[in-house]
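Taken from TrEMBL as is:
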type	residues	note
DOMAIN	B:48-345	domain 'AB hydrolase-1'
ACT_SITE	B:Ser143	active site, nucleophile
BINDING	B:Arg213, B:Asp342	substrate binding site
ACT_SITE	B:Asp311	active site
ACT_SITE	B:His341	active site
Number of protein chains: 2
Amino acid sequence: MPQLAPPGELAVVPIGDFHTEAGGLINEAFLAYQRWGQLRIGQDGSTNVLLIQHALTGDSDVAEWWKGLVGPGMALDTERFCVICTNVIGGCKGSIGPADRHPDGDHWGSRFPAISIRDQVDAEKKLLDALGIRRLSAVIGGSMGGARTLEWSLMYPEAVDAALVIAVSARASAWQIGIQSAQISMIEGDLFWHGGDYYDTGYSPNAGLGAARKLAHLTYRGELEVDERFGSEAQPGENPLGTFRDRRQRFAVQSYLDHQARKLVERFDAGSYVILTDSLNRHDISRDRGGLNKVLSSSTVPTMVVGVDTDILYPYHQQEHLSRNLGNLLAMAKISSPVGHDAFLAEFRQMDNILRRFMALAEPSLTIPDSPELTGKIEFYI
Amino acid sequence: MPQLAPPGELAVVPIGDFHTEAGGLINEAFLAYQRWGQLRIGQDGSTNVLLIQHALTGDSDVAEWWKGLVGPGMALDTERFCVICTNVIGGCKGSIGPADRHPDGDHWGSRFPAISIRDQVDAEKKLLDALGIRRLSAVIGGSMGGARTLEWSLMYPEAVDAALVIAVSARASAWQIGIQSAQISMIEGDLFWHGGDYYDTGYSPNAGLGAARKLAHLTYRGELEVDERFGSEAQPGENPLGTFRDRRQRFAVQSYLDHQARKLVERFDAGSYVILTDSLNRHDISRDRGGLNKVLSSSTVPTMVVGVDTDILYPYHQQEHLSRNLGNLLAMAKISSPVGHDAFLAEFRQMDNILRRFMALAEPSLTIPDSPELTGKIEFYI
């Protein structure tokens, strides 16, 4: 009997000892998730589950970060579907990550093994197995969530009725690896990083994490949008054009980026940031499977692909590449926006449209059971 | 009587005490330059000088960085023109910069004032005045050199017959300021930076400068080109997909970027890098002149604008903006290349074509004298 958390509440589920793709072991792993809508499971194992995949520093609260898109009568309709969103393994939002305690009582820190996108999917598979969910109406995600969605459709095609892959590529590009490795270096270069074992030092590599976030943010946001907002204006009360350069005298965009950095430092763990950023470097659907295009063409899951016209992190040609080669393409859509990569989180109207279109196109592929919800007690809260 | 350096040789010219736009003073300033081709000066002050403007970490040796484009019979024809290329003030290639000695005997270091693009032009103007050159056939430059070219055409329109502005914008965009400030922070965050006064410590902020260069390089190079070369391949002999992330186990692109970092650290001063990067943040042709478009429309110098289709640092729409608004537009050209911003240094065939086209279009505006070369002794060598 599946046991689901009350709607909207965060729950944590043990998934046992977890072996990573690269040969690591995470003892007594656990994963956190949230769900909305009643779960229905058919005799054949079909379900009404929409599995939503968050991005790098996102979390399971999809009703918040896709506010207005998840709920009764909304694009992801919780009157009809059971929306489930997990927190990724390696993260810091309830699922096990480097900031958590190893069974020996110390923090995992540098002992936390590298995680691949496939590991993220495997951990989710174990969570869903534990909940008694063996099949999904759809998997939906953008950016790192899009990478997971793609891997879901390749690793467990029989378990996925349809997939919506947003703003991602078939593998990390050299440019992405370069910019992502720069972010990792910024954190590793912080004196308070302590090789990843800073948790008991009383200090955190906040400066490194903040600097990494500022850089990342510039890859998430289109230069058109950032320039429209800040141009080359000075931060009010500061003068970046003084006789001598002074780091305390900033342009408005620097203040904005400092703000972004502070916000992330407050809500995210540097160890998780490094683990997950490294997992993006490792994203490659062709690993151990053959050529990229061969792997894509072998895909059987009806898949819709979405890109953003101004995305410099996952440029649109990467989604065109997916569309050209996927074995069972449902449709392709382009978000037109000055916002860049983050448009899938920011362009509400277009995303609403795209999600509704996807659900309509996927409808013939969905095997939604009529049976009533099967719920029970959650295992434990964090 | 103008005194010019022998062809191709680096010469240094004192330009006196230099007052910066923001109120700073550089005592006993000097500028270095190289020239190719015989100088001709007419009775009316007209000359056959093509003034070439290098990019951020470039130098006066344009015959090297535009090899094949400068010389007898080449696009910038030294049989007909006298090609002059200076080293920018604040740099480290012969012109005065923070690594040089203050008249008090210590290094300038943090005492070196902030430099604007207009300061760079003013310093060049003083150099040319010292050489007896009061008018130029053309000013030509890309990136930071393009910013200088644009300012030349606005600050001294009567001295410039024609201008070729490549891969630049009318002012720094918020995105550029963000990414450039990140680079400055990387250097300032290096323990060996010592607030800019590291010259006598025996150590240099090489790690910070290298990290800044890696980031900069990713904005200079198109992701298509980088990905074509390196994809997600491992560096031979290394395994970036191991059980634990290890900074010594790299992807090929990381090794490539490390190489770029090392090369810059060997040839460039961190203090100059900060001063010149900050000057790019300050680039704004509208400062103290009125609106951006009004300033552009007031331009009288026949100007050709060039952009690169894959440039993410100075996206093509910025050059379209220049073209739409410049008061005396000669022509516009687009370099089509996977290389990105650096294409103006890398796409030889297209640049050859563009330079020849520019020279042909500018021809009616050029006032080239017939008088013979007037040369003498150079002032001093470095």
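A Cβ is built for glycine as well, from the same backbone N, Cα and C atoms used for every other residue.
Automatic, uncurated: that is what TrEMBL annotation is.
In the three-state DSSP scheme, B:Asp311 (active site) is classed as coil. All protein chains included, B:Asp342 (substrate binding site) registers 22 other Cβ atoms within 10 Å of its own Cβ. For the pair B:His341 (active site) and B:Asp311 (active site), the C-alpha distance works out to 4 angstrom. Taking B:Ser143, B:Arg213, B:Asp342 as the recorded positions under consideration, the smallest Cα distance to B:Asp311 (active site) is found for B:Asp342. On a Cα basis, B:Asp342 (substrate binding site) lies 9 Å away from the residue listed as 'active site, nucleophile'. Summarising model confidence by region, the domain 'AB hydrolase-1' (B:48-345) averages a pLDDT of 97.
Under a cutoff of 8 A between CB atoms, and with a sequence separation of 6+ in the same chain, the neighbours of B:Arg213 (substrate binding site) are B:Gln260, B:Ala261, B:Leu264, B:Val265.
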